[in-house]
Amino acid sequence: MQEPLLLPALVFLLSLSGAVIQKTKASCQCPENASCVNNTYCTCDSGYTSGSGQKLFTFPLEICKDINECQPPFSVYCGVNAACQNVEGSFYCHCVPGYKLHSGDAQFKSSSENTCQDDTSSETTQGGKELQKIVDNFQSLLTNQTLLRTGERQEISSRATSILQDVESSVLETALKTPEQKVQKIQNSTMAVETRVITDNCSEDRQTFSLNVQMNSMDIHCRDAIQGDTQGPSAVAFISYSSLGNIINATFFEEMDEKDRLYLNSQVVSAAIGPKRNVTLSTPVMLTFQHVKINPRSKKVFCVYWESTEQGGQWSKDGSFLISMNKSHTVCNSTHLSSFAVLMALTSQEEDPMLTVITYVGLSLSLLCLLLAALTFLLCKAIQNTSTSLHLQLSLCLFLAHLLFLVGIDQTEAKVLCAVIAGVLHYLYLAAFTWMLLESLHLFLTARNLTVANYSSINRLMKWVMFPVGYGVPAMIVAISAASRPHLYGTTDRCWLHLDKGFIWGFLGPVCAIFSVNLVFFLLVFWILKRKLSSLNSEVSTIQNTRMLTFKATAQLFILGCTWCLGFLQVGPAARVMAYLFTIINSLQGFFIFLVYCLLSQQVQKQYQKWFREMLKSKSESETYTLSSKVGPDSKPSEDK
């Protein structure tokens, strides 16, 4: 379902809050890797800490950073002959080379319950050596990602399919060569393997076998492991790949939808049985995956398997089902054996339908008012000066930006078109804010020279700088942004700027700078006016001039900048109220401009009255001419028959 349209002013809000907010939880908006507390505050999840160091926070640009438990001041102690390894949101311990756990596990958390022993204390079996050799041989293929990524999509998927099948066959073959070694575990930096050989046809009471590698596990029923009436030993292999998911990622999903922003949130694992390579099971196999990113904020979770196709391979959902999920793990089951993974989709921020209605109504009125204001500034000769030129350019920029936002913000199907729309919106909104800055500058210069009768110096200055600055500076910013990272224009949700790599600051940076400068100008203008009012005599015209300037200064702060700052206040309990205020006020920005600069201007009122009288006079003359043409001297009255 397509995301509902937001008001144009919400571009700024979405840029501000969307830079770190991935999803709205009730009235609490928290950044990634953070959770809501009492619908009021945010707190970083376990394994993360806030950039400010605060446990509870409401600032929308706060960032939750991963805690490195392996470095001071934490420095987790894993025990003798063991090392700590930090991962995103967590950590684990592992034995240093030459040592291993008695249990055979590759990772552990508590040093009190696990001791790394000398690997040479027990003789390494021939089967273990062969299995280690297989793992090391395939490590060179998996680490050589350039080899896999240089080809086309079909070539990459075909090569990955071949690697998966070859590893499974080699591991099972090696395990069956040494049936006396019932359990074998081998691991290196790219993959981990556990094999189990069954020779007693499930004579034990245990009905399922559990295999564990790299915090992932598989539970398979004994009947499926022995493959019916097989006379010889049977083997089960469970393999986990650390980096293969970077190559056969979410883009290989058969139902890939760019709007879902799919990503792989687990390691790729393979499950196989031998000597018969049966893939269909009587009882579904249970697979437990550890998340690569802890606490995923996602509504859509897919358990998928790697399906071999004529084109090479792809991720498919057929026969794989989601059982449960928490912050750190996902449990799936499958009716067949293959290679598996977990895909997740970051869902779009939910929108309030009432805000959409307010947007349509307010924006329609605003567009009409901006058009009327622009026509007034163009056609009304009595008010044309430097000030109205600034008003005109601001009205035109806002009108075009709002109109393009309405018709183009959701045109995400065509990537090139969406990128162009995003770039034009970026330029138009930056231009609008730049003209707001010029308006404030002109007001400050006018206030400073309030007692000067000749304003020609101010007018000459503004005429020289306003067009190069008003349209040139935004063009430079957009040109630099487009030249450096053109692919970050247009997202899967809307035709706007990506949040990746801080690209959104190409808009937020200039806007925040303009807010700050406008606020300084506003305070300076009021300080100047306050001093002028205290020294003025009772001359009415001067007092009226000063009062009008004060009114314009207040209106300018309210119309051209202040209300956009409401985007910063949409946190905590008042977030919903601020969202409605932000939407209502900014959707009516064009109406406020028309009201202040046209309807409340005495010169414009007189011009409107003049136009209205001329229209009535023209209409009256037209009606008189029509009537006279019907009863003129050449016309003859009709005769009664």
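Here, residue 1 is simply the first one shown, and the rest follow in order.
Backbone N, Cα and C atoms are what each Cβ position is placed from, and that goes for glycine too.
Per TrEMBL, the features are:
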- 66-105: domain 'EGF-like' (DOMAIN)
- 187-350: domain 'GAIN-B' (DOMAIN)
- 355-601: domain 'G-protein coupled receptors family 2 profile 2' (DOMAIN)
- 618-641: region 'Disordered' (REGION)
- 1-26: signal peptide (SIGNAL)
- 357-378: transmembrane segment (TRANSMEM)
- 390-408: transmembrane segment (TRANSMEM)
- 414-438: transmembrane segment (TRANSMEM)
- 464-483: transmembrane segment (TRANSMEM)
- 503-529: transmembrane segment (TRANSMEM)
- 549-571: transmembrane segment (TRANSMEM)
- 577-600: transmembrane segment (TRANSMEM)
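The stretch from 357-378, 503-529, 577-600 with the most CB pairs below 8 A to the transmembrane segment (464-483) is 503-529. Most Cβ pairs under 8 Å with the transmembrane segment (414-438) belong to 390-408, among the candidate stretches 357-378, 390-408, 503-529. On the 0 to 100 pLDDT scale, the domain 'GAIN-B' (187-350) averages 82 in the predicted structure.
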